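Peer 1: Structure below; questions to follow.
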Amino acid sequence: MEITSVNHICFSVSDLNTSIQFYKDILHGDLLVSGRTTAYLTIGHTWIALNQEKNIPRNEISHSYTHIAFSIDEEDFQQWIQWLKENQVNILKGRPRDIKDKKSIYFTDPDGHKIELHTGTLKDRMEYYKCENTHMQFYDEF
């Protein structure tokens, strides 16, 4: 018995139509279905579910590093930055990053969910940590 992959990612959103437009137009998601309070899209091979919940607190989300990261090609990195700026997306400062840790840009969706576009892979990250973080214990070889 094993878990084979991430099945889907679900975001609570305050305005379904605004969020559909963001994920469709900004992140090039393919809209599969939308209803009164739910929509499903795919971004790459990832299923994204949006569920509208209008009356819940949303202020804590900005204090967390919790985020979803999508892979992009390094040669497209600057083009993505320009695209996000042209579309008035809220780009975040991000954390200091060594070039060996590859490139990332962080931004938020209309409800403040943090999203990262990252040029590296898990293998890149593990190799970087092995070189830079001697305090870490590694369990599998990459």
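Yeah, the Cβs are placed from backbone N, Cα and C, and that goes for glycine too.
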Peer 1: If Swiss-Prot says H8, H67 bind Mg(2+), which of E86, E116, E127 does it name for the same site?
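Peer 2: As annotated by Swiss-Prot, H8, H67 share the Mg(2+) site with E116, chosen from E86, E116, E127.
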Peer 1: Express the distance between the Cα positions of H67 (Mg(2+) binding site) and E116 (active site, proton donor/acceptor) as a whole number of Å.
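Peer 2: Rounded to the nearest whole number, the Cα-Cα distance is 7 Å.
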Peer 1: Can you break down the domain 'VOC' (5-120) into helix, strand and coil residue counts using DSSP?
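Peer 2: Across the domain 'VOC' (5-120), the residues distribute as 32 helix, 39 strand, 45 coil.
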Peer 1: Could you tell me which of these binding-site residues, H8, H67, has the fewest other Cβ atoms within 10 Å of its Cβ?
Peer 2: H8
